[in-house]
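The N(1)-(5-phospho-beta-D-ribosyl)glycinamide binding site annotation in Swiss-Prot covers GLU12, LEU13, GLU72, ASP277, LYS348, ARG355, ARG356, and the record cites sequence analysis as its basis. The ATP binding site annotation in Swiss-Prot covers ARG104, LYS145, SER150, SER151, GLY152, LYS153, GLY154, GLN155, GLU185, GLU186, PHE187, ILE188, GLU193 and is backed by sequence analysis. Summarising the annotation, Swiss-Prot assigns domain 'ATP-grasp' to 109-300 and lists sequence analysis as the type of evidence. Annotation source Swiss-Prot lists Mg(2+) binding site at GLU258, GLU270.
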Amino acid sequence: MKKKILLLGSGELGKEFIIAAQRLGQYVIAVDFYDGAPAMQVAHEKEIINMLDGNLLDQVVKKHKPDLIVPEIEAIRTERFYEYEKQGYQIVPSAKAANFTMNRKSIRDLAAKDLKLLTAKYLYASSEKELAKATKILGFPCVVKPLMSSSGKGQSIIKSPKDISKAWEASQTKGRTSATEIIVEEFISFKSEITLLTVTQKNGKTLFCPPIGHRQERGDYQESWQPAEISEVQLKEAQRMAEAVTKELTGFGIWGVEFFLTEDQVYFSELSPRPHDTGMVTLSGTQNFNEFELHIRAILGIPIPEVTQERKGASAVILASTDGKIPEVRGLDIASEMPESDFRIFGKPITRPYRRMGIALSYSTKGEGISSLRKRAILLASKIKVD
């Protein structure tokens, strides 16, 4: 069952996915806009193109004729996926899923209006004037997001009328496309946020991984831990929502479904139809299969009977602090002295401030608490420098 996989996007998540795929004997071509991307370092072949150029994307698909097309990022001309499906290519998880989830308007309307899932109240705005009007309706604080962006790019919190102009400017210059429309959300005063990794299978039931807690800064993940603290009632509701939305989007693979938790409510936030950055905590052995192993098994149609929690774990990001090329890694000897810990250096060839260059991992088989594991992962990350 050797398949040819075209991986669109070659970051750290793609690198771990390729490693998992190769362990099952698969052949992978890694694609990205720059040479030397992490996943290219472990792929059988590579292609360097602008994936937002549909014609270039067509050429790569025609050249390689893959059995599976697996998106790893959102900055892709995903509209082409519908045509690829008509031509007989398998899109992971599906063309519909890839297109809906890259656009916050599509996925939010699907969740809130079609599936009636609980979400933050929201409005759309296509001008600074409309944004100001939306803030009057939703109140302060509120959250502004481009319809298409990732890792917090272009997002901001409006706390008062004086923030409106700056928030509008950020949404227009830091998003992923030239589209002017944005989404404006009420600010949910949540006690925590979780990622529920959800696995849809071709010939098996939908599975849920133990919930993952995470902390964000600048709109990007800084640390995650598993399992997250959540009541049984809220967990069941999150699982119900995750199953509903993934079933509607169709397809097989792993999904990172994000929720806000208040004292008594579960709010659907958004989802990614692929391995999730917060899910890298599973590399610390928290589950019988990590998220990348689950993804490749699901898309190949290999049955996954169950997902079991094996131990507790935590992750913390290792960030660059300067601009540079061919970075030097320091501190691995010191970091390696910590017990029940591990790390991954992604191999990115270029640094810039706050760019994620690796992760630190901690785990426990002796009943150690999550708080202690988080502290150890953060301490470990601080010992490693990639600049």
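Note that Cβ sites are derived from N, Cα and C of the backbone, with glycine treated the same way.
Feature map: Swiss-Prot annotations on the structure.
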{"residue": "GLU12", "record": "N(1)-(5-phospho-beta-D-ribosyl)glycinamide binding site", "DSSP class": "helix"}
{"residue": "GLU72", "record": "N(1)-(5-phospho-beta-D-ribosyl)glycinamide binding site", "DSSP class": "coil"}
{"residue": "ARG104", "record": "ATP binding site", "DSSP class": "helix"}
{"residue": "SER150", "record": "ATP binding site", "DSSP class": "coil"}
{"residue": "PHE187", "record": "ATP binding site", "DSSP class": "coil"}
{"residue": "GLU258", "record": "Mg(2+) binding site", "DSSP class": "strand"}
{"residue": "ASP277", "record": "N(1)-(5-phospho-beta-D-ribosyl)glycinamide binding site", "DSSP class": "helix"}
{"residue": "ARG355", "record": "N(1)-(5-phospho-beta-D-ribosyl)glycinamide binding site", "DSSP class": "coil"}
*Would you kindly give the Cα-Cα distance separating GLU72 (N(1)-(5-phospho-beta-D-ribosyl)glycinamide binding site) and ARG104 (ATP binding site), rounded to the nearest Å?*
17
_Local confidence of the domain 'ATP-grasp' (109-300) - pLDDT mean_ = 95
_Please list, in sequence order, the residues in the chain of LYS348 (N(1)-(5-phospho-beta-D-ribosyl)glycinamide binding site) that are at least six apart in sequence and whose C-beta is under 8 Å away from its C-beta._
GLU12, ALA37, PRO38, PRO327, ARG355, MET357
*Among the binding-site residues LEU13, GLU258, GLU270, ASP277, ARG356, whose Cα is within 10 A of the Cα of GLU193 (ATP binding site)?*
GLU258
*Could you tally the C-beta atoms, other than its own, that fall within 10 angstroms of the C-beta of GLY154 (ATP binding site)?*
23
*Counting distance between Cα atoms, which of the binding-site residues SER150, GLY154, GLU185, PHE187, GLU270 is nearest ARG356 (N(1)-(5-phospho-beta-D-ribosyl)glycinamide binding site)?*
SER150
*Which residue, of the binding-site residues GLU72, GLU185, has its CB surrounded by the fewest other CB atoms within 10 A?*
GLU185
*Relative to the Cβ of LEU13 (N(1)-(5-phospho-beta-D-ribosyl)glycinamide binding site), which residues of the same chain, six or more apart in sequence, are found under 8 Å away?*
GLU72, ARG274, PRO275, HIS276, ASP277, MET280, PHE292
*Round to a whole number and give the Cα-to-Cα distance in Å for the pair GLU185 (ATP binding site) and GLU270 (Mg(2+) binding site).*
13
*asked:* Using a 10 Å radius around its CB, how many other CB atoms surround GLU258 (Mg(2+) binding site)?
replied: 20
_Can you give me the Cα-Cα distance between GLU270 (Mg(2+) binding site) and SER150 (ATP binding site) in Å, rounded to a whole number?_
11
*Three-state secondary structure, GLU193 (ATP binding site) (per DSSP)*: strand
*Cα-Cα separation of PHE187 (ATP binding site) and GLU258 (Mg(2+) binding site), in Å?*
16
_I'd like the number of other C-beta atoms within 10 A of the C-beta of ARG104 (ATP binding site), please._
21
*How long is the line from the C-alpha of SER150 (ATP binding site) to the C-alpha of GLU258 (Mg(2+) binding site), rounded to the nearest angstrom?*
14
